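Novice: One structure follows; several queries about it will come next.
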Amino acid sequence: MSPSNKGTVLALILALTMVVVNGFSSRFFVEKSSLTVLNSWEMGAKHDAAIANFGLPKYGGFMIGSVVYAGQDAYGCNSFNKTFNTKSPYPKILLIDRGVCNFALKIWNGQQSGAAAVLLADNIVEPLITMDTPQDEDPDFIDKVKIPSALILRSFGDSLKKALKRGEEVILKMDWSESIPNPDERVEYELWANTNDECGVHCDKQIDFIKNFKGMAQILEKGGYTLFRPHYISWVCPKELLLSKQCRTQCINQGRYCALDTKQEFEDGYNGKDVVYENLRQLCVHKVAKEKNTSWVWWDYVTDFNIRCSMKEKKYSRECAETIVESLGLSLEKIKKCIGDPDADVENEVLKAEEAFQLGQENRGIVTIFPTLMINNAQYRGKLERTAVLKAICSGFKERTEPSICLNSDIETNECLIENGGCWQDKRSNVTACKDTFRGRVCECPVVDGVQYKGDGYTSCKPYGPARCSMNNGDCWSETRKGLTFSSCSDSETSGCRCPLGFLGDGLKCEDIDECKEKSACKCDGCKCKNNWGGYECKCSNNSIYMKEEDTCIERRSGSRSRGLFTIVVLTAIAGISLGAYIFYKYHLQSYMDSEIVSIMSQYIPLDSQSINQDSFK
């Protein structure tokens, strides 16, 4: 390529930098995890660590490990050819110094030595920075890095080395549980991408990720658990280069929105203008689909486009794209209207909004490379892989609001399966206060079959409310003997246990009261008392009847006198009813019938003054 072409390309690259510098609120963010010293010289002290942009950070989780220093191989630029042993039962966290070789190689060598995680100690005094992969190369081992790693400040690294040199054991907790903000029950995330499929390894990784993550993304979006937005990086052509061949082939709308041709073949094949045009179309596909409340269709479109309209197969065209749009039932006219005229000297509202997002805001960093994933305004760090990204998204839900897909055993450990998570449980009723969450577990008294349990969730949970006795008898005493059951739980009371009548105790344990022995009942003269479980029997002498409520005996009368008295009462009642019926007929019913007869006869026989004295009919 000629020197003039090189200068033009350099100017285009620097254009973004100029925009970034001029953006008042734009800045780069370092995504961090937390380190806590669990023993040794500064127990409980917390430190920040910068998450590496490769490997697999444990988003939403944590790990505890014993720190080991690499010693004479401190830089870790060559294979250690050994494993680092410690007396601690915890996994090994290898401490390596920064310098000499790239970050990723150090972490790879640490993983090969058996380390569960790697800490890189900075070798200069500076704020934390993000460890990234080499830009001019992409070694094969990058995708094989599976462990988490982080950069720490030089001062903290020096403190760790001194403690280890003194022979102290250093136990650290590496915590990613708050690395992704988790404010509510919906996660908002965005993917900064590019439609160019001939830009090398980065493009291939992006295409593979979209294809593999599509199913999960659509489940989350359809369920209303997430809000997804696609974004595309664009550049600005400097005004002095607007008429150059480079700007004309890489930009639309008179140099306002450009996509660099990484091959720098400005006259052959596809160029940046084609790419930024398709970027805009994909943004419009999402916009139109969202208006139909089917925003997840974007994943179908992009997946199909990568398969059917590939640059490598010379099918990257407007016609191919529009065929996919129509096959998905989207309005082609609305999408064309959204795209507008790419040759017009006007701003495009969709791409203008993209520039604002790209420059970042006060609470989020600037985006300069693709693919970049943002989750709740935090930049995702690590390998762009389906399960790893799902873990990061799941860590963005407020605890106990995550969807079931986040509690799959493939991506999280159910802590309730190990010693019930340290929470209260009732094995008899199979009720537990342990609730599995993506970031761990919570101990919270449950609601079972409409019955609310109350307590601290760790050592105690008791059923509460009207139906509490249906759950393990409300944790109250209950016993059955010879088919007879007594309980100290009452549905009329919302809490507490009270021994029933005939028993004495605290409600958790009740003992039968011997009323006969204590002479609390059957105290009448000549009575004989017999104690039963939960009660007693009392018999009177001389064939008398025992009245329990009064605790007394009454004389039983002879059968003949009783029958005679009963007969007299019945006959008297019958006579009274007959007399009442006769009086009713005589004075009320007869009067009513007389008036009815007068009314009927008046319709057929003329009567004096249209009335007849009722007495004349009596």
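The backbone N, Cα and C atoms fix where each Cβ goes, glycine too.
From a predicted model like this one, the values you see are computed outputs, not experimental measurements.
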Novice: Checking feature assignment: motif 'Tyrosine-based internalization motif' per Swiss-Prot, candidates 580-583, 584-587, 604-607. Which range matches?
Specialist: 604-607
Novice: Going by Swiss-Prot, which one of Cys469, Cys499 is joined to Cys489 by a disulfide bond?
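Specialist: When Swiss-Prot is consulted, Cys489 turns out to be bridged to Cys469.
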Novice: Which one, Cys394, Cys443, Cys445, is listed by Swiss-Prot as the other cysteine in the disulfide with Cys423?
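Specialist: Partner cysteine, according to Swiss-Prot: Cys443.
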Novice: For the disulfide involving Cys499, grab the partner from Cys510, Cys516 as Swiss-Prot records it.
Specialist: Cys510
Novice: Among Cys476, Cys522, which cysteine is annotated in Swiss-Prot as forming a disulphide with Cys497?
Specialist: Cys476
Novice: Do any residues, 6 or more residues outside the domain 'EGF-like 3' (512-554), come within under 8 Å Cβ-to-Cβ of it, and if so which ones?
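Specialist: Result: 481-482, 484, 486, 500, 502-504.
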Novice: For Cys476 (disulfide bond), which residues of its chain lie six or more apart in sequence with Cβ-Cβ distance below 8 Å?
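Specialist: Listed in sequence order, they are Cys469, Ser487, Ser488, Cys489, Cys497, Gly507, Leu508.
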Novice: Need the DSSP three-state call for Cys434 (disulfide bond) to compare against my parser.
Specialist: strand
Novice: I want to verify one value. Collapsing DSSP to three states, which class is Asn81 (N-linked glycosylation site)?
Specialist: coil
Novice: Return the member of Cys416, Cys445, Cys553 nearest to Cys499 (disulfide bond) in space, with distance defined Cα to Cα and candidates limited to these disulfide-bonded residues.
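Specialist: That would be Cys445, the closest of Cys416, Cys445, Cys553 to Cys499 (disulfide bond).
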Novice: Rounded to an integer, what is the Cα-Cα distance in Å between Asn542 (N-linked glycosylation site) and Cys553 (disulfide bond)?
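Specialist: With the alpha carbons as reference points, the distance is 10 Å.
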Novice: Around the Cβ of Asn542 (N-linked glycosylation site), how many other Cβ atoms lie within 10 Å? Please give the count over every shown protein chain.
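Specialist: 8, counting other Cβ atoms within 10 Å of Asn542 (N-linked glycosylation site).
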Novice: Let's check the environment of Asn293 (N-linked glycosylation site): how many other CB atoms sit within 10 Å of its CB?
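Specialist: A count of 7.
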Novice: Look up Cys416 (disulfide bond) in the DSSP assignment and report helix, strand or coil.
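Specialist: Helix, per DSSP.
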